[in-house]
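A.B. asks: Quick one: this structure, given as structure tokens, is what I'll be asking you about.
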Amino acid sequence: MAFTAMTVAPSALADLVLAQKSGCTVCHSVEAAIVGPAYKDVAAKYRGDAAAQDRLVAKVMAGGVGNWGQVPMPPNAHVPAADIKALVTWILGL
């Protein structure tokens, strides 16, 4: 069995740590859907959508249901707005 080294950019690692600290990774991961969609699926769905950043920041703050099935995403009032914006920017860049 061979192992390969994985290089992760420091900013990407910092954003993943922020997602963990904010509680996002309870329901989401980068590669695979858990309760909510995978971050890479979110990035693919909104690629090229100029309004996605603002819309997703509002959705993460307020929560909601219906964009990815019927499992609701709770509001995230405990997460600072600047952190939500940073997370959405990171996710859309995947």
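One-based numbering along the chain as shown.
Just so it is clear, glycine is given a Cβ too, placed from its N, Cα and C backbone atoms.
Feature table excerpt (Swiss-Prot):
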- 1-14: signal peptide (SIGNAL)
- C24, C27, H28, M73: heme c binding site (BINDING)
A.B. asks: Cβ within 8 Å of the heme c site's Cβ centroid: which residues qualify beyond C24, C27, H28, M73?
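C.D. replies: Result: G23, T25, V26, I34, V35, G36.
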A.B. asks: Among C24, C27, all listed as binding-site residues, which has the most CB atoms within 10 Å of its CB?
C.D. replies: C24
A.B. asks: Around H28 (heme c binding site), how many other C-beta atoms are within 10 angstroms of its C-beta?
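C.D. replies: So the Cβ neighbour count for H28 (heme c binding site) comes to 21.
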A.B. asks: Please report the DSSP secondary structure of M73 (heme c binding site), reduced to three states.
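C.D. replies: Reduced to three states, the DSSP call for M73 (heme c binding site) is strand.
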A.B. asks: Three states by DSSP: which one describes C24 (heme c binding site)?
C.D. replies: helix
A.B. asks: Name, in the order they occur in the sequence, the residues of the same chain whose CB lies under 8 A from the CB of M73 (heme c binding site) and which sit 6 or more residues away.
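C.D. replies: In sequence order, C27, G36, K59, V60, G63, G64, V65 meet the Cβ cut-off.
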A.B. asks: Looking only at C24, C27, H28, M73, which the record lists for heme c, tell me the maximum pairwise CA distance in angstrom.
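C.D. replies: The span, Cα to Cα at its widest, is 11 Å.
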